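Here's the structure we're looking at; comments come further down.
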């Protein structure tokens, strides 16, 4: 993976066009991913703290799914944004040992699949809650939800293993091999086409159900609004990467056309924005979430202030009494 194929070398340049640097946006991309990581990681940790409080307080399955989504977003930021785009691509210039790069592939695709398929589980949870409320009360409880989430992470790991043989698009042979085509199409179906089909079908049913109900429960409509916002943002942000990947396979390789290279760079940056934007969606939609975030920040500030108060009290206790001013000995 760290060495170029002869076929790739022969297709890397077009003799009829002026040579353009393939790394023309590398500095901008590196800056973007650093900002995304510095903003997104603390924001996701804060989101996880707030959602864990809400899940413990309300015992609602939807908060458990949102917490699992936040955890998988954190894993995606660590393995994909930091290890993949910043360290492996920008700092090491993709010159890493093959076995290490392939092992990182498994972790990256596992985190990516988990992030997307937790959203699918949340969609199905809301669908059952709205369309089959009696059955939902019987089957939806925290222990069952935790088992479903654990099973989903195990399946994500299993679906990530085949991508050990994933070829980075920057080192693809041209024309692509059968294995390369199968893995890239499998990637597109797992991360985009199948989830989007589920989202569009279930969200359509949910919206129709809410319109017919006339006056839905306010708390339920807030959770549903979060779901609709998260799935809509996902569909929009992941669409460019999916279609550029297909274009790369059948029309022009990133190694042949600098415009495809640029399009894939931008598509990757847009897709990774999805790992950091959910916090702002939750704050915009849910007053309960905003209040819980405020509680987390206040409690953290109080915990940070407590040690300084204790130190001050201890210092005053242990400070020796001096001689009173103006007192004769």
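Note: Cβ is positioned from N, Cα and C throughout, glycine not excepted.
What TrEMBL says about this one:
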- 43-282: domain 'G-protein coupled receptors family 1 profile' (DOMAIN)
- 30-51: transmembrane segment (TRANSMEM)
- 63-86: transmembrane segment (TRANSMEM)
- 106-128: transmembrane segment (TRANSMEM)
- 148-167: transmembrane segment (TRANSMEM)
- 182-206: transmembrane segment (TRANSMEM)
- 226-250: transmembrane segment (TRANSMEM)
- 262-285: transmembrane segment (TRANSMEM)
- By Cβ distance under 8 Å, which residues at least 6 away from the ends of the transmembrane segment (182-206) in the same chain are close to it? 109, 112-113, 116-117, 119-120, 123-124, 126-127, 130-131, 159, 162-163, 165-167, 176, 224, 227-228, 231, 234-235, 238-239, 242, 245-246, 249
- Top Cβ-contact partner of the transmembrane segment (226-250) among 30-51, 106-128, 148-167, 262-285 (pairs under 8 Å): 262-285
- Average the per-residue pLDDT over the domain 'G-protein coupled receptors family 1 profile' (43-282) and send me the rounded value. 89
